[in-house]
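Enquirer: Just passing along the structure, written as structure tokens.
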Amino acid sequence: MASSVACLHAASSIQAQGFKGSLTGSPNKIGVFPLRMVLKGFSLDVPLPERKGNCPRSLNLHVVRSSSSQSSIADPIELPSNSNSADSQKKSTEASLILIRHGESLWNEKNLFTGCVDVPLTKKGVEEAIEAGKRIRNIPIDMIYTSSLIRAQMTAMLVMSEHRRRKVPIIIHKETEEAQRWSQIYSEETKMQSIPVITAWQLNERMYGELQGLNKQETAELFGKEKVHEWRRSYDVPPPNGESLEMCAERSVTYFRDQIVPQLLAGKNVMIAAHGNSLRSIIMYLDKLTSQEVIKLELSTGIPMLYIFKNGKFIRRGSPIAPSEAGVYAYSRV
Amino acid sequence: MASAATCLHATSSIQAQGSKHVFPLQMVSKGFSLDMQLRAKRKNFPASLKLHAVHASSSHSSIADPIEVPSNNNSGDSEKKSTEASLILIRHGESLWNEKNLFTGCVDVPLTKKGVEEAIQAGKRISNIPIDMIYTSSLIRAQMTAMLAISEHRRKKVPIIIHNENEQAQKWSQIYSEETKKQSIPVITAWQLNERMYGELQGLNKQETAELFGKEKVHEWRRSYDVPPPNGESLEMCAERAVAYFRDQIVPQLLAGKNVMIAAHGNSLRSIIMYLDKLTSQEVIDLELSTGIPMLYIFKNGMFVRRGSPIPPSEAGVYAYTRAAATQHLDGFSLKLRKLHHNCIFQCLD
């Protein structure tokens with residue numbers, strides 16, 4: 001896919017400074033795991049530790065407990081680092097995966113169902129992307145995947161504009177042979193300094209069918225509140241001419257598994273800039289959530305989520321804080 | 001093409017405040033001989049292109065004359081609709097390869113932080129000019145420029161990028177509310193508005209190209225009208241597909257009274273300007289467009305009238321009658337007669 005661009009595996013390590021505990025940025029919630037179980041989330045808390053072998057610890061709200069068996073966010077020593085281990089060993093067994101949900105779009109602002117309508121970011125959404133970029137500016141990135149919608153693409157580009165390493169993101173064009181030919185790079189050195197950006201409709205937001213463009217009131221009038229609630233809150237009931245969350249998950253997880261996991265296996269550090277539903281579908285796959293759990297999962301916008309892919313498994317690492325912030329270990333409730 | 005979104009014709013006028021300034025086509029340095037040439041060639045040119053002074057022309061609307069600025073006060077809407085529309089051209093700002101001095105062409109390189117800023121500033125300048133449709137290239141730096149510029153727009157219509165690449169894309173992006181459609185500005189992406197494709201120079205820096213091909217050859221490709229680099233486009237080839245697209249797709253919108261903004265690249269835009277201003281190939285080679293500075297044209301009675309570069313509404317509108325004021329508005333168009341000037345080798349190349 002990115003055949004014309006060679007990607008160097010990041011030699012610099014995923015430094016401890018990138019993620020010392022504090023996750024969401026809210027000052028009184030140091031250590032809150034960014035995968036917030038909002039509202040009815042506590043019931044979600046209990047089943048998780050039993051289910052997943054590779055999940056670091058319980059998802060207790062507001063507190064991070066270090067787990068003895070697996071690396072935890074709070075323990076810097078166990079963070080994957082590249083100090084003296086052989087590059088090749090790291091290459092084949094470890095890579096970082098960053099997920100970013102785009103920020104506010106112009107229809108979010110207007111409270112319209114957006115789905116796959118290609119609506120750009122608001123100024124606030126632009127700001128969110130820039131802030132997200134600051135948080136991950138030291139985490140190596142070799143490849144970027146994004147949806148075919150401008151709000152995710154702009155988020156990715158704005159995030160990268162804050163990146164410390166001076167590799168240049170280049171959007172790959174394969175829609176036609178001409179597009180491919182026209183976008184060819186003729187310098188090997190330049191290719192090595194490039195980060196391929198792959199756009200994929202499979203990472204698009206869930207397609208909302210006949211709700212797209214309507215506001216809450218209109219949909220209630222047209223379809224009835226209960227029906228709308230069911231489409232929004234169920235796992236497998238699609239709105240008219242639209243996708244259910246299940247359908248969205250199917251095409252995005254398939255894409256992730258078939259296209260992105262091989263890159264991680266090859267040791268490439270990957271960033272995915274996408275949407276609420278496509279990302280939580282992927283997280284459902286990474287964290288082995290049930291359909292009930294994924295319905296309740298709410299991802300913050302503009303907050304990067306880091307996973308380490310190691311020995312074929314995904315380890316959740318939380319949300320990196322910006323390097324300028326004081327690193328705080330979440331041992332205390334304060 | 002924009003069938004999923006209906007566009008309202010802008011009822012608010014193109015205010016005089018937007019165009020109180022120097023005619024932006026400036027003749028720098030040896031410009032005076034060019035001045036005469038241009039006057040002779042084109043009949044529909046509003047004013048003479050003398051440096052630093054704006055002369056009001058009696059026959060055509062000029063920038064300095066507020067009365068003749070197209071406004072929508074009391075004239076019938078239908079009359080305005082069919083005969084007048086505004087056309088805004090914006091060249092995107094600095095890209096990451098501009099910063100590195102690499103030939104970019106059609107490689108899809110994003111904006112730098114500076115380029116993002118330029119787009120936002122451009123948007124402030126045109127925040128009051130009605131826009132009904134947006135055209136951009138298929139490259140992210142132009143698309144981002146368009147979106148960032150429009151994020152500053154006063155009227156709260158929402159730009160929506162139209163997806164027609166295949167049937168699924170079209171179906172998936174459908175809007176189901178008429179009211180919402182009316183509040184939308186369709187954004188059409190077109191490869192025909194892409195930057196000139198630079199073939200085997202894409203990704204190379206100045207030194208590499210000189211080593212590989214020789215300085216003179218590279219200079220010829222960059223400065224000639226019709227000599228393409230290997231596997232690339234000449235400016236003529238770029239102009240052909242850009243102007244054909246403009247004529248076939250965009251002019252009909254203007255004829256229908258739609259106000260259009262085009263966010264694109266140095267070479268595709270100057271190709272279009274060549275068409276609008278009826279420049280010769282020699283003149284278009286010498287044409288340099290500032291980045292991030294919107295250029296406004298009025299399409300009236302089938303003719304394009306250049307209106308210069310709008311200043312942001314917050315700035316004092318100053319008629320450029322004095323030399324001091326004129327130098328403030330060096331943006332927009334600048335016709336620099338090029339010598340063999342190796343330093344500006346990357347200026348017009350995106």
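Each residue, glycine too, has its Cβ placed from N, Cα and C.
Remember, TrEMBL labels are computer predictions, not curated facts.
Relevant sequence annotations retrieved from TrEMBL are reproduced here:
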ACT_SITE  A:His102  active site, tele-phosphohistidine intermediate
ACT_SITE  A:Glu205  active site, proton donor/acceptor
BINDING   A:101-108, A:114-115, A:Arg151, A:205-208, A:Lys216, A:232-233, A:276-277  substrate binding site
SITE      A:His275  site 'Transition state stabilizer'
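Provide an account of the burial state, proximal residues and distances for the features listed.
Expert: Taking the Cβ of A:His102 (active site, tele-phosphohistidine intermediate) as reference, residues of its chain lying under 8 Å away and at least six apart in sequence are, in sequence order, A:Leu121, A:Gly125, A:Glu128, A:Ala129, A:Arg151, A:Ala152, A:Met154, A:Thr155, A:Ala273, A:Ala274, A:His275, A:Thr301, A:Gly302.
Cβ-based neighbour count (10 Å, all protein chains) for A:Glu205 (active site, proton donor/acceptor) stands at 29.
Counting only same-chain residues six or more apart in sequence, the Cβ atoms lying under 8 angstroms from the Cβ of A:Arg101 (substrate binding site) belong to A:Ala274, A:His275, A:Gly276, A:Leu279, A:Leu299, A:Ser300, A:Thr301, A:Gly302, A:Ile303.
Using a 10 Å Cβ-Cβ cutoff, A:His275 (site 'Transition state stabilizer') registers 28 neighbours.
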Enquirer: Could you say which of the binding-site residues A:Arg206, A:Lys216 has its Cβ with the most other Cβ atoms inside 10 Å?
Expert: A:Arg206
Enquirer: Return only the integer: C-alpha distance in Å from A:Trp107 (substrate binding site) to A:Glu205 (active site, proton donor/acceptor).
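Expert: Each residue's Cα considered, A:Trp107 (substrate binding site) and A:Glu205 (active site, proton donor/acceptor) end up 14 Å apart.
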Enquirer: For the binding-site residues A:Arg101, A:Glu104, A:Trp107, A:Arg206, A:Gly276, which residues show a Cβ-Cβ distance under 8 Å to chain B?
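Expert: Answer, by Cβ distance to chain B: A:Trp107.
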Enquirer: Count, for each of the binding-site residues A:Gly115, A:Gly276, the other C-beta atoms lying within 10 angstroms of its own C-beta, and report the residue with the smallest count.
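Expert: Each of the binding-site residues A:Gly115, A:Gly276 was scored; lowest Cβ tally within 10 Å is A:Gly276.
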Enquirer: Going by DSSP, is A:His275 (site 'Transition state stabilizer') sitting in a helix, a strand, or coil?
Expert: coil
Enquirer: What's the CA to CA span in angstrom from A:Glu104 (substrate binding site) over to A:Glu205 (active site, proton donor/acceptor)?
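Expert: A:Glu104 (substrate binding site) and A:Glu205 (active site, proton donor/acceptor) have their Cα atoms 14 Å apart.
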Enquirer: 10 Å Cβ neighbour count around A:Glu104 (substrate binding site)?
Expert: 18
Enquirer: Rounded to a whole number, how many Å is the Cα of A:Glu205 (active site, proton donor/acceptor) away from the Cα of A:Gly115 (substrate binding site)?
Expert: 6
